[in-house]
Amino acid sequence: MGPGPRCAPGDPGWMLGALALMVAASGRFAFAFNLDTRFLVVKEAVNPGSLFGYSVALHRQTERQQRYLLLAGAPRDLSVADGYTNRTGAVYLCPLTALKDDCERMDISEKSDPDHHIIEDMWLGVTVASQGPAGRVLVCAHRYTQVLWSGMEDQRRMVGKCYVRGNDLQLDPGDDWQTYHNEMCNSNTDYLQTGMCQLGTSGGFTQNTVYFGAPGAYNWKGNSYMIQRKDWDLSEYSYKGSEDQGNLYIGYTVQVGSAVLHPTYITVVAGAPRHQHMGAVFLLSQESGGDLKRKQVLEGTQVGAYFGSAIALADLNNDGWQDLLVGAPYYFERKEEVGGAVYVFMNQAGTSFPDQPSLLLHGPSRSAFGISIASIGDINQDGFQDIAVGAPFEGLGKVYIYHSSSGGLLRQPQQIVHGDKLGLPGLSTFGYSLSGKMDVDDNSYPDLLVGSLSDHIVLLRARPVINILQRTLVARPAVLDPSLCTPTSCVQVELCFAYNQSAGNPSYRRNITLAYTLEADRDRRPPRLRFARSQSAVFHGFLSMPETHCQTLELLLMDNVRDKLRPIVIAMNYSLPLRMPDRLKLGMRSLDAYPVLNQAQALENHTEVHFQKECGPDNKCDSNLQMRAAFVSEQLQPLSRLQYSRDTKKLFLSINVTNTPSRERAGEDAHEALLTLEVPPALLLSSVRPSGTCQANETILCELGNPFKRNQRMELLIAFEVIGVTLHTRDLKAQLQLSTSSHQDNLQPMTLILQVDYTLQASLSLMTHRLQSFFGGTVMGEAGMKTVEDVGSPLKYEFQVSPVGDGLAALGTLVLGLEWPYEVTNGKWLLYPTEIIIHSNESWPCQPPGNLVNPLNLILSDPGDKPHSPQRRRRQLDPGGDQGSPPVTLAAAKKAKSETVLTCASGRARCVWLECPIPDTSNVTNVTVKARVWNSTFIEDYRDFDRVRVDGWATLFLRTSIPTINMENKTTWFSVDIDSELVEELPAEIELWLVLVAVSAGLLLLGLIIILLWKCGFFKRARTRALYEAKRQKAEMKSQPSETERLTDDY
């Protein structure tokens, strides 16, 4: 039967206009199953635009002739020419032929009588239903109108009308079913009663009942009617609900069946798509007195979804109770791109249905998914009822086929029939109406008739379904010893097939050919086996049946197989290749030659081949890999902390791996034993002992053995270059993971954490450790001093700090501290600091806390020497410790007669602590400390000493709150020798004549001495012969000259 009208009662164009706005756009895909789409029976309208296919039904005629017919309603078809009417609608009966235009109009004679009834545009064929094999046919026209006269004024009542015809689609006056008027609505009432009831909007048959929907009754509240016949008795039933509101459309669709709310009694299921604007389904039961009583109402969940516009009953899980499917074609979810829904309510053993659906099926956006629903029988003959759902506005229309199981309806469709892939010109809105549950080609599989709004109907026939039996796959031997392989075979595989038809037809013995594919070691690359015939790991073959057929294949072992623990999986999958026509073929060609494989069966099989291993009788290796690891020094001593400095180059990791038995584990061979190490970027793999064991990529992978045998031990020593440790590095983490293809489930990763102590390397140097200065003159008090020159002679120390390397930033600060001899024990000034300047990229003064530098705020100026008289001069001293030798003074040229030393350690001087932070820079930093000798103190307290030495200390240290960063303090001493001021007398000038006399006397004396030496022969030289003779005589006397003589022999 058809799903009922898709227009609002009383307005034939409302729904058509609304549906015209809906355009489908979906690309869903499902595996094609057993509804054939190549050999079709297609029928087209005689009169285009008649909505031929608006409603459809499959019918089996058994009277007068045996045949199957396709019934199609065309509610907008032209009327039979009578001179009074133009368009009444019609119902067509179509034979199962290859022709598209051989449908005949069903003879329903209704003469036009405008004074009593109006048949113009009565939508004959809005509902078409068949009672089943050898049953009758129901045809309705829900816009059939009665005319009432009140004086000269006529009143029209659109009560609707239904016609029952015999099995041969002819009127039999002797059949009470056909002659009964079926007028359930009273045309003498107005729309508030049943005067506009629109009977026949929906309707159908059971074996002893005919039922109708009348959604326009009672101000379009709606009603459902049922006529039941038992023997010669006839009973009429209608629903008289307590609802007082209109526009519910109860009866828009109606289904009747038993085993719904009672095992044997009938239950009427009526849709009301406008109930509370969200739709509802009423479940009504028979009561005495002809009433239908409401038992349960299932309500929709979304406004405007038209929940209840299509309904179907089917026992989905084979529990003996019919379940309920409800369509809501205008349901939508914008974000999810959903358009249309089908609610599935599972029967609770006849007591009721749950308020919430057990399953909610969705269609794509704007598809009107669920506008038609049909129970189509068991099309694949798996023992469970199947369902078809139309989505006419998805593309050119689609029909979704859902299978069911013991758990109910399956969520995913098993097949989607695409209207645009059928190759039918002019086809659209495919799936607008559906009818099934009848096998029209006698192949034991029910078929499906699909209607549309485009004047086409299409018969989809079910292909036979093949169950593959005895799909065995056996490998011999099951445990492979590679030493027993021959050049032609290592493993032998045997596969066998047999089949039957799912419908259980024993006469179906077609010769079919299965295509199969065998793949050795499917999950591994490269594979470990190959087929001898194909020289690869994949083999394609064919097997012909109907009898059980087997085939045997030989396989060979690949060279250099490493993995001998995991079994070799030999997988098989198979299919049924058929040469289907490339184009559409119309007609009733037998589909027995085009079976399909049962998609519910697994279309693959597999077997395993194990390697012979020393792993006990179960051939299962239970290893017991254990590991100990630690960071060690070059002397292989464990490290608890890494004392890192810039001189640190290497770090070592010691790893010990064993595979020994324990109480819990057998300690059998560990195949493909691997060690994976993940180390931080600061560590770079340098070397491994034993060499060649490990390889470094993103991680370090060490091959321990294949297999790593029982009771085997192994020690690895891995050396890393330390390249990336910074001041921010707190620790070094290494993660070690043992793995094996043998069975061992307790291999947990090990994490080693080595704390890092970062030792900074900085240096402190002093340009001149020991300065020289002086004191003398007169005593001057603090009040009389204006400039630093008034204090005394100047001093300047130049400290140099080398770069640390990595910048400290916020981690800490380098500080130069000075233990400065500030005053003597009696509180008098000693060395007065005037200025501290730091030189790096820029220069700036250092101001230690406590106002210790130039506390008297004396005026700073460059020191200079004052002129002295020609007879007396002060010793010139270098106050800044310039490069080169200090000038020689009288005090420095001779040892001081008396000297004293002032230090803070001895208690003879008091020191203060001066601190200057060193900038965080990579350049060398110079710190200049300027001071003045407090002249007055030395004149008053140390005039009795020729020299006073004052000592102090400078320390470079790190100040940080990070415990892992440290630096060894750098300390140096500085000193100054302060001499008392001395005056040296210059010698008196000598007369010139005395000089001339002295020179002349000297020359005369020299001349006398030369004459005397000449007279004595001092200037005469010896002869050469005498020299040689004497030398030769000497050589003769001493046969072996001494070493000294040898060295001096030529002189």
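Don't overthink the numbers, they just go from 1 along the chain as shown.
Glycine is treated like the rest: Cβ placed from N, Cα and C.
These features come from Swiss-Prot:
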- 38-103: repeat 'FG-GAP 1' (REPEAT)
- ASN86: N-linked glycosylation site (CARBOHYD)
- ASP315, ASN317, ASP319, ASP323: Ca(2+) 1 binding site (BINDING)
- ASN500: N-linked glycosylation site (CARBOHYD)
- ASN511: N-linked glycosylation site (CARBOHYD)
- ASN573: N-linked glycosylation site (CARBOHYD)
- ASN605: N-linked glycosylation site (CARBOHYD)
- ASN656: N-linked glycosylation site (CARBOHYD)
- ASN697: N-linked glycosylation site (CARBOHYD)
- ASN841: N-linked glycosylation site (CARBOHYD)
- 860-888: region 'Disordered' (REGION)
- ASN923: N-linked glycosylation site (CARBOHYD)
- ASN926: N-linked glycosylation site (CARBOHYD)
- ASN935: N-linked glycosylation site (CARBOHYD)
- ASN969: N-linked glycosylation site (CARBOHYD)
- 1020-1051: topological domain 'Cytoplasmic' (TOPO_DOM)
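Annotated features, which come from Swiss-Prot, shown on the structure.
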residue: ASN86; record: N-linked glycosylation site; Cβ within 10 Å: 10
residue: ASP315; record: Ca(2+) 1 binding site; Cβ within 10 Å: 17
residue: ASP319; record: Ca(2+) 1 binding site; Cβ within 10 Å: 15
residue: ASP323; record: Ca(2+) 1 binding site; Cβ within 10 Å: 26
residue: ASN511; record: N-linked glycosylation site; Cβ within 10 Å: 9
residue: ASN605; record: N-linked glycosylation site; Cβ within 10 Å: 17
residue: ASN656; record: N-linked glycosylation site; Cβ within 10 Å: 13
residue: ASN697; record: N-linked glycosylation site; Cβ within 10 Å: 6
residue: ASN923; record: N-linked glycosylation site; Cβ within 10 Å: 12
residue: ASN935; record: N-linked glycosylation site; Cβ within 10 Å: 24
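Sequence-distant contacts of ASN317 (Ca(2+) 1 binding site), defined by Cβ-Cβ distance under 8 angstroms and a gap of at least six in the same chain, are ASP323, MET346, PHE384, SER404, SER405, SER406, GLY407, GLY408. According to DSSP, ASN923 (N-linked glycosylation site) is assigned to coil rather than to any helix or strand. Taking Cβ-Cβ distances under 8 Å and a sequence gap of 6 or more within the same chain, the neighbours of ASN926 (N-linked glycosylation site) are GLU798, PHE799, GLN800, VAL801, ILE838, HIS839, SER840.
Applying an 8 A CB threshold to same-chain residues 6+ apart, the list for ASN841 (N-linked glycosylation site) reads PRO919, THR921, ASN923. Ranking the glycosylation sites ASN573, ASN969 by other CB atoms within 10 A of the CB puts ASN969 at the bottom. Taken as a whole, the topological domain 'Cytoplasmic' (1020-1051) shows an average pLDDT of 47 in this prediction. When secondary structure is read from DSSP and collapsed to three states, ASP319 (Ca(2+) 1 binding site) falls in the coil class.
In the three-state DSSP reading, ASN935 (N-linked glycosylation site) counts as helix.
ASN511 (N-linked glycosylation site) sits 11 Å from ASN500 (N-linked glycosylation site), taking the C-alpha atoms as the reference points. What surrounds the Ca(2+) 1 site, by Cβ distance within 8 Å of the Cβ centroid and not counting ASP315, ASN317, ASP319, ASP323, is the set ALA314, LEU316, ASN318, GLY320, TRP321, GLN322, MET346, ASN347, GLN385, SER404, GLY408 from the same chain. Comparing the Cα of ASN656 (N-linked glycosylation site) with the Cα of every entry in ASN86, ASN573, ASN605, ASN935, ASN969, these being the glycosylation sites, the smallest distance points to ASN969. Close to ASN500 (N-linked glycosylation site) in the fold, though at least 6 residues off in sequence, lie ILE466, ASN467, LEU469, TYR508, each with a CB less than 8 Å from its CB. Between ASP319 (Ca(2+) 1 binding site) and ASN969 (N-linked glycosylation site), the C-alpha separation comes to 90 Å.
Residue counts for the repeat 'FG-GAP 1' (38-103) by DSSP state, with H, G and I taken as helix and E and B as strand, are 0 helix, 30 strand, 36 coil. A 10 Å radius around the C-alpha of ASN605 (N-linked glycosylation site) takes in none of the glycosylation sites listed as ASN86, ASN697, ASN935, ASN969.
Take the Cα of ASN86 (N-linked glycosylation site) and measure to each of the recorded positions ASP315, ASN697, ASN935: the nearest one is ASP315.
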